[in-house]
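Swiss-Prot has this to say about the protein:
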type: DISULFID; residues: CYS31-CYS79; note: disulfide bond
type: DISULFID; residues: CYS45-CYS94; note: disulfide bond
type: DISULFID; residues: CYS48-CYS132; note: disulfide bond
type: DISULFID; residues: CYS56-CYS110; note: disulfide bond
type: DISULFID; residues: CYS60-CYS112; note: disulfide bond
type: DISULFID; residues: CYS115-CYS122; note: disulfide bond
type: CARBOHYD; residues: ASN35; note: N-linked glycosylation site
type: SIGNAL; residues: 1-22; note: signal peptide
Amino acid sequence: MEMLQGLLLLWLLLLNVGGVWTSREPLRPLCRPINATLAAENEACPVCVTFTTTICAGYCPSMMRVLPAALPPVPQPVCTYRELRFASVRLPGCPPGVDPVVSFPVALSCRCGPCRLSSSDCGGPRAQPLACDRPPLPGLLFL
């Protein structure tokens, strides 16, 4: 009986660390690069430009303590950049002296880890998607 309990415990541990879990289709999409449409604008320029880039999104395994009162909170991992590069779009119609170039990150690979406010928005889902205050301009002007 003890051997059976040991095997069951080993199987559950493997399932938890991903050995068995990742070999099958997960219930939720794991952290990975996905295409997303974003918007860029500048207060001094007359239009908003929408563009498609690759962002990190998806599920990261997390834990929650059952008895949280006496222990500090467990840091929750977020889906964030592992590798990225930067691309740019040019906002048309900007007056002289205003930089029309807006740079944005392009996710090359993603990972689950602590949120770095220097490169990620860790605020969670929004009630409304990020949108432009200015009229949108169809079409992309990549540099």
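Placement of Cβ uses the backbone N, Cα and C atoms for every residue, glycine included.
For CYS132 (disulfide bond), other Cβ atoms within 10 Å of its Cβ number 14. The disulfide-bonded residues near CYS79 (disulfide bond), taking a 10 angstroms Cα-Cα threshold over the set CYS48, CYS56, CYS60, CYS112, are CYS56, CYS60, CYS112. Looking only at the recorded positions CYS31, ASN35, CYS48, CYS94, CYS110, the one with its C-alpha closest to CYS60 (disulfide bond) is CYS31. Annotation: no disulfide-bonded residues among CYS45, CYS48, CYS94, CYS115, CYS132 have CA atoms within 10 angstroms of the CA of CYS31 (disulfide bond). If you take the Cα of CYS132 (disulfide bond) and the Cα of ASN35 (N-linked glycosylation site), they are about 19 angstrom apart, rounded to a whole number. In space, CYS56 is the closest of the recorded positions ASN35, CYS48, CYS56 to CYS115 (disulfide bond), judged by Cα positions. Of all the recorded positions in the list ASN35, CYS45, CYS56, the shortest Cα-Cα distance to CYS112 (disulfide bond) is found for CYS56. The Cα atom of ASN35 (N-linked glycosylation site) lies nearest to that of CYS56, taking the disulfide-bonded residues CYS45, CYS48, CYS56, CYS94, CYS110 as the candidates.
The separation of CYS56 (disulfide bond) from CYS45 (disulfide bond), Cα to Cα, is 29 Å. Counted within 10 Å of its Cβ, the other Cβ atoms near ASN35 (N-linked glycosylation site) come to 10, all protein chains included.
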